[in-house]
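Notes for the one structure printed next.
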Amino acid sequence: MNANPKFLSADAHVDAAAVAPLPNSRKVYVTGSQPDIRVPMREITQADTPTGFGGEKNPPIYVYDTSGPYTDPDAKIDIRAGLPALRQGWIEARGDTEVLDGLSSQYGLERAADPATADLRFPGLHRNPRRAQPGKNVTQMHYARQGIITPEMEYIAIRENQRRAEYIESLKSSGPNGAKLAAMMGRQHPGQAFGAAAFGANALAEITPEFVRDEVARGRAIIPANINHPESEPMIIGRNFLVKINANIGNSAVTSSIGEEVDKMTWAIRWGGDTVMDLSTGKHIHETREWIIRNSPVPIGTVPIYQALEKVNGKAEDLTWEIFRDTLIEQAEQGVDYFTIHAGVRLQYVPLTANRMTGIVSRGGSIMAKWCLAHHKESFLYEHFEEICEIMKAYDVSFSLGDGLRPGSIYDANDEAQLGELKTLGELTQIAWKHDVQVMIEGPGHVPMQLIKENMDLQLDWCKEAPFYTLGPLTTDIAPGYDHITSGIGAAMIGWFGTAMLCYVTPKEHLGLPNKDDVKEGIITYKLAAHAADLAKGHPGAQVRDNALSKARFEFRWEDQFNIGLDPDKAREFHDETLPKDSAKVAHFCSMCGPHFCSMKITQDVREFAAQQGVSETEALKKGMEVKAVEFVKTGAEIYHRQ
């Protein structure tokens, strides 16, 4: 997109690559108990098994879909108008909110009145902000603790189940071997859940709306869903649900435009970003955020201290509670779903970082540390935490309690500063829960593999099982340019141990601002890590997709292999580098082993030989060995023969 502001406002359009359905996929909707609960999923169509392999039908599989209306050909996408307000009716029906006469943030009013920002502003439908009525609490946690199952909770239950039961039933009716096929495709290894809900190897265990309600009421899961972001499709973050991933986007003082950030958001959700954080620190933060929220079907998070710092020209010591409070209200009225707030960075912890290799690496943490030292006072975020809770519950903004003292190197992992802050975050969680405000806890950082589980165990203990949300962790410091891999290793491990959401790392980590390609690379890496964690935990149905892809691979259904994978485009591109012809898409080999050494083709030959001889596969292998032994002796018992 052109960075010219007038062009952006007048002619902004969505990136065409972000709206095309993925190959052999279509958007389907599952309706809940009322017509306006329509839960999106991605249906991946599969080819029939070739006759030589049995000839059965392979029904579609269903996968979790974060792309919103963008990949629905029936949806009219116009980013100048924004997305439909999916949750508006549910919010209004609860009767506990009020529409304000206008913005109540001083900064928001100033931006709205500034003619210099007119060409930058989101031009779509203008809705006055909504807030809880006096004395009311509008958080999903509050409803859950009242025993209320909201439409959001029902939506989430349907979404988490991914039509597993329907898929298994379709397998059973696929032919004479349907029951056997269903048993095979639904098979799943028992997991090790480390104290999370034990589903065993039951692929059909169902996530119910009541289960969702109970997890939210206990504080073990959150539903980030600001009442001013009705465009969002409800999702849940908790260790007893699918592991989620977050994608960071945002401009900087030196690069990127509003249009580029909207593009990154739509690109991130296409590939599986469950939430997106706008970490903009450059120009027009307010306007950039409005464009992103109005066009985002996933929850949006921010770090409000970044914008507050811009309001005081980058001087941390000039920050005040009043400026920060106004920033919270400004962003809550725009519709931000969760705030990273570094309230655990206390004055007493700052000296503990003096002997670190890399000091304080969190931007938010360093801002608050500098403020504490400049004033030699306790952090205003800590001192005013109860007042922050009052703001959060008026809009249903969730806390993401920031790890401002996270280790920025392997050397600093699990040190006194990091763990001291974590204990404080546990104390703040209890305060937030008194207000029925939803909380997740942010975690490291750079941690070697042998120390990762300790991080998880301490967080579960000190923070009373509030969802953990971690950046990686990176398991080594030696690979600039590959930190999506160094962190993906740690992410898979900590996700298995109980982390509920993983914040992606791109190849540009520590090096520069990521572009769209970097965003995709980070997303795919972290989708892989999250899925590996789901498998290891034994989450219901986690293995269905693996089984479907493995069956397609064994039957040489190349197109299905590509399409079931996390990145069909890259899989197809790699295959076609060496075997580009269409005929190669039905060949019983790839370029790795060629036609004579494909292990799966050899296995198929053994099975075919066994069927012809009327013997078991083991006996067939034995007979085959005997035949080859005779041939070997007849040819002179030489290992090599001159051609």
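Glycine is treated like the rest: Cβ placed from N, Cα and C.
Record features, source Swiss-Prot:
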| type | residues | note |
| --- | --- | --- |
| BINDING | Asn248, Met277, Tyr306, His342, Ser362, Arg363, Gly364, Asp403, Gly404, Leu405, Arg406, Glu442, Tyr469 | substrate binding site |
| BINDING | His446, His510 | Zn(2+) binding site |
| BINDING | Cys590, Cys593, Cys598 | [4Fe-4S] cluster binding site |
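Overlay of Swiss-Prot feature records on the structure.
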residue	record	DSSP class
Asn248	substrate binding site	strand
Tyr306	substrate binding site	helix
Ser362	substrate binding site	coil
Gly404	substrate binding site	coil
His446	Zn(2+) binding site	strand
Tyr469	substrate binding site	strand
His510	Zn(2+) binding site	coil
For the binding-site residues Gly364, Gly404, work out the Cβ neighbour count at 10 Å and name the residue with the minimum. Gly364
Nearest-integer angstrom distance between the alpha carbons (Cα) of Tyr469 (substrate binding site) and His446 (Zn(2+) binding site): 14
Hey, what's the Cβ neighbour count for Asn248 (substrate binding site) at 10 Å? 23
Return the residues near Arg406 (substrate binding site) by Cβ distance under 8 Å, restricted to its own chain and a separation of at least 6 in sequence. Val361, Ser362, Gly365, Gln418, Glu442, Gly443, Pro444, Gly445, His446, Leu471
With a 10 Å radius around each C-beta, find which of these binding-site residues (Tyr306, Tyr469) has the fewest other C-beta atoms nearby. Tyr306
Quick one, of the binding-site residues His446, His510, which Cβ has the fewest other Cβ within 10 Å? His510
Using a 10 Å radius around its CB, how many other CB atoms surround Ser362 (substrate binding site)? 23
His510 (Zn(2+) binding site) and Tyr306 (substrate binding site), distance between Cα atoms, whole Å: 18
Separation of alpha carbons, His510 (Zn(2+) binding site) and Gly364 (substrate binding site) (Å): 16
Give me the CA-CA distance between Asn248 (substrate binding site) and His510 (Zn(2+) binding site), in Å, as a whole number. 14
